[in-house]
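According to TrEMBL, the protein carries these features:
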DOMAIN    257-321  domain 'HTH luxR-type'
TRANSMEM  6-31  transmembrane segment
TRANSMEM  38-55  transmembrane segment
TRANSMEM  78-99  transmembrane segment
TRANSMEM  111-127  transmembrane segment
TRANSMEM  133-152  transmembrane segment
TRANSMEM  172-195  transmembrane segment
Amino acid sequence: MDSSMFLFYYSIAMQICAILTSACCLASYLVSRNKVQLYCFAGFLMYYADCMLVFRDDYVMASESTVSHEAFFIGDPAFSIIFGCATLMSFWLMVCAYVEEDSIIVRFGPAYLFVGASLAVTLFLPQGYVHMFVFYSLREVFIAWMLFFAAYKYITTEDNRLRLRLSRFPKFYVLLWVLLLAVVAENGLVLLLIGPGHVDIPLGFFPERNFAENLLALVCEFVALRSSLTYLSVRHSEPPTQGGDQVETYIDHNLVPYAASHKLTPRETEILRLVLLGKDNQNIAAELSLAPGTVKVHVHNILKKSQKANRQELIQDYWDY
């Protein structure tokens, strides 16, 4: 298989991964009503559209004599800005939803800055590899802003529940920084130091970004896909009320953070787990060798601390956590 065919299938594979992840996030949103999943769906769908734009540029425009000799080119800056902004804004809104940021300026201000900066680069910076480097690096700046903002919220928040949520993915956070720096480094190496025209392989068939960015996308898709499949494996139209291996695994995974965020005692945490498994006070009392009245008091305290009116609201709140 020659390099052109390899890159053809490579591009197709990137598109399939994006649309598959998008579809799973949509399905997860429909059963969980979690806005984080909704924004992930939109983000990966827009990333799929962005990949399709690259695919069009590579296999249609690359045949034109004006661009066929260029290793990298911006086929359609307007569409690149539109889809790039749509993709990044979807993920930015996902971050805002996750950290519970409600400010309109904070949520939508970055979109105006990104579009304005992209238009300024397109209109005023001379065409060339430096122009391409700056144009695409604006995307990395946007992603860096998301990561800095998440760190800022973690450091400054006084909400223990939010801090616990943000501390769930330390390895993923560090990996995002590593891959983001790799994207900038690869763009700088190829566009500024080597020059694509000096590389004797058909780089015009590569996506307009780089392999590091594709790897960054795949890592995000893996995390989103795993989260979506977890939701889909344990959720139905209503939160599960009967235990099972998958249900118990998911409950145990989130039990400690949820209990800590609501300041539950160890005994209350233990009883909460059994409530989530669908057991009534009588069965809980028998399993823990407690009086039914004692269990009733603990359940009342759990509902009070979580600010829920009944068991169903408590279970719903846990699965939406």
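Count begins at 1; order follows the chain as displayed.
Cβ atoms are placed via backbone N, Cα and C, with glycine included.
Keep in mind that TrEMBL annotations are predicted by a computer and have not been checked by a curator.
Note that the coordinates shown come from a computational prediction; the quantities given were computed from them, not determined experimentally.
Sequence-distant contacts of the transmembrane segment (78-99) (same chain, six or more residues past either end, CB-CB distance under 8 Å): 35-36, 39-40, 42-43, 46-47, 49-50, 53, 106-108, 110-111, 114-115, 118-119, 122, 135, 139, 142-143, 145-146, 149-150, 153, 157, 162, 165-166, 208.
If you take every residue in the domain 'HTH luxR-type' (257-321) and average the pLDDT, you get 87. Taking H, G and I as helix, E and B as strand and the rest as coil, DSSP gives the domain 'HTH luxR-type' (257-321) the counts 48 helix, 0 strand, 17 coil.
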